[in-house]
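Undergrad: If you scroll down you'll find the structure; I have some questions about it.
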């Protein structure tokens, strides 16, 4: 029997296994592939991949976190920028002029109201004591009578007048020193006449017209001021020269007196500087008024 089974001449159909049929093998493989496709879950593979990819030995990378500091705001508020529109400066100038005119109108209105109510302003210049036999002759108040834009010019004129009067008084002292050391009484006598005459005349003839010109905007007072101030400048220039027969201490007689008495010469030189300062100041005042 064994020989028959191993014989090549045996029946091949009888000796072949039924499961070795190729069609049966292909059908079995197809069934296995269908079962495998039915059991396939892509999410399960992803989970496995993630679970196997990350662990204690392979932790996920930690990204550095950058903390941005909040911006710091200052408490001081910046002023709004000034408008730079064309013609803005002209508008500001016009506004200032309108404000000055409004103040001037208000001042005049108050003055008219005081006059209507019978309020008479008492004269206060020169400021003499009540027991003195002479009384004040003028009302003088720059802050009340003069518009604000002209008050500085009028105060400049008033201060120059005060300096001029003080120089005339010092001229009497310097002329007295010259008289004592040199023996000439002509200069001393003329210096007394000048301080007595030019003090009121300078106030009435050029300072008072200046005051009234800016107070009332009077062209007549302006004309009087310009005319008298021209003569005043010429006179002060002569005073500062120091001509002995003119009655003042000036450059000529002050410098020449150093050979006679140095102390008296220094006093006379101070008077000379006073006259020179008054001349320069009055000239600047004339330019400012014009």
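Any Cβ shown, glycine's included, is placed from N, Cα and C.
Okay, these came from TrEMBL:
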| type | residues | note |
| --- | --- | --- |
| REGION | 1-21 | region 'Disordered' |
| REGION | 39-89 | region 'Disordered' |
| COMPBIAS | 66-77 | compositional bias 'Polar residues' |
| TRANSMEM | 158-180 | transmembrane segment |
| TRANSMEM | 186-207 | transmembrane segment |
| TRANSMEM | 219-242 | transmembrane segment |
| TRANSMEM | 262-287 | transmembrane segment |
Undergrad: Going along the chain, which residues at least six beyond the ends of the transmembrane segment (262-287) come within the CB cut-off of under 8 Å?
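TA: Contacts of the transmembrane segment (262-287) (Cβ under 8 Å, skipping residues fewer than 6 from its ends): 153, 156-157, 160, 163-164, 166-167, 170-171, 173-174, 177-178, 180-181, 226, 229-230, 232-233, 236-237, 239-240, 242, 248-251, 253-255.
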Undergrad: So if I exclude everything within five residues of the ends of the transmembrane segment (158-180), which remaining residues of that chain have a CB under 8 angstroms from its CBs? That is, six or more out.
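TA: For the transmembrane segment (158-180), the nonlocal Cβ contacts are 142, 187-188, 190-192, 194-195, 198-199, 202-203, 207, 211, 236, 239, 247-249, 253, 257, 261, 263-264, 267-268, 270-271, 274-275, 277-278, 281-282, 285.
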